[in-house]
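Read the structure below first, then the notes.
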Amino acid sequence: MKIVLLGPPGAGKGTQAKSISNKYSIPHISTGDIFRKNISENTPLGIEAKGYIDNGQLVPDEVTINMVKDRLQQDDCKVGYLLDGFPRTVAQADALNNFLVDKNEQLDTALLIKVPNEFILERMTGRRVCPSCGASYHVKFNPPTNEGKCDLCGSEVIQRKDDTVETVKERLDVYQKETQPLIEFYGEKGLLSEVDGTKAINEVFRGICELLGNNK
């Protein structure tokens, strides 16, 4: 089973990706992990990517695509895989499609975890973390017993910079611009599947399993 996972920041993609990977015995392939591995191992592609990053430039599609292609040709991908963070652009989606066509293979589905912006804002901006022990809370869904204080060590909990309203809105804007064309791309190919990401984690996963069925 070959799956592309789509969804906004804060949609719970990481949690669901792990569950999908375990249930269907396919590797969860994160673009971030691929980049880190290539850079840490000083592969030719990693060195090239690091050069762009160090200069404050975006890594070109060609480099990213080649990294992903290399990963998809490893033995553990023979039974399928779950792609998370790739493709991000229609050009990358086209490249993935061409790669699969050349191998006489095809994508099974592009799975979109749908969550409204207002829900994401509430979920992400309400997150709090203890800077001392790392415990995490949510002002609405999982508040500390003593308001503003960590239950474990008593330190004052804080909001991370990534979770401010301004930052979350910026990330959602970027996601919308990047992903809407992808949603249309996969929709036109009849490959788009959607699941309601506002439900409880186990309910979202149940919905995903219903969409994916027992295929492997």
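Just so you know, glycine gets a Cβ as well, placed from its N, Cα and C.
Under the heading ATP binding site, Swiss-Prot lists G10, A11, G12, K13, G14, T15, R127, S136, Y137, K199, citing sequence analysis as support. The AMP binding site feature in Swiss-Prot is assigned to T31, R36, Q57, L58, V59, G85, F86, P87, R88, Q92, R160, R171. Swiss-Prot lists C130, C133, C150, C153 with the feature Zn(2+) binding site. The annotation region 'NMP' is assigned in Swiss-Prot to 30-59. Annotation source Swiss-Prot lists region 'LID' at 126-163.
A mean pLDDT of 95 is what the model gives for the region 'LID' (126-163).
Ranked by how many other Cβ atoms sit within 10 Å of their Cβ, the binding-site residues G10, G12 place G12 at the bottom. Across the fold, the C-alpha of G12 (ATP binding site) and the C-alpha of F86 (AMP binding site) stand 16 Å from each other. Less than 8 angstroms from the CB of V59 (AMP binding site) sit F35, A49, Y52, I53, each of them six or more residues away in the same chain.
Its own atom aside, the Cβ of C153 (Zn(2+) binding site) has 12 Cβ atoms within 10 angstroms in the protein chains shown. Taking the mean position of the Cβ atoms of C130, C133, C150, C153 as the Zn(2+) site, the remaining same-chain residues with a Cβ inside 8 Å of that point are P131, S132, G134, A135, D151, L152, G154, S155, V157. The number of other Cβ atoms within 10 Å of the Cβ belonging to C133 (Zn(2+) binding site), over all protein chains shown, comes to 12. For C130 (Zn(2+) binding site), the count of additional Cβ atoms within 10 Å of its Cβ stands at 20 [all protein chains shown]. If you compare every pair of Cα atoms in T31, R36, Q57, L58, V59, G85, F86, P87, R88, Q92, R160, R171, the residues listed for AMP, the longest distance is 31 angstrom.
Restricting the binding-site residues G10, G14, R127, C133, Y137, C150 to those with a CA within 10 Å of the CA of R160 (AMP binding site) leaves R127, listed by sequence position. Across the structure, F86 (AMP binding site) and G10 (ATP binding site) are spaced 17 Å apart at their Cα atoms.
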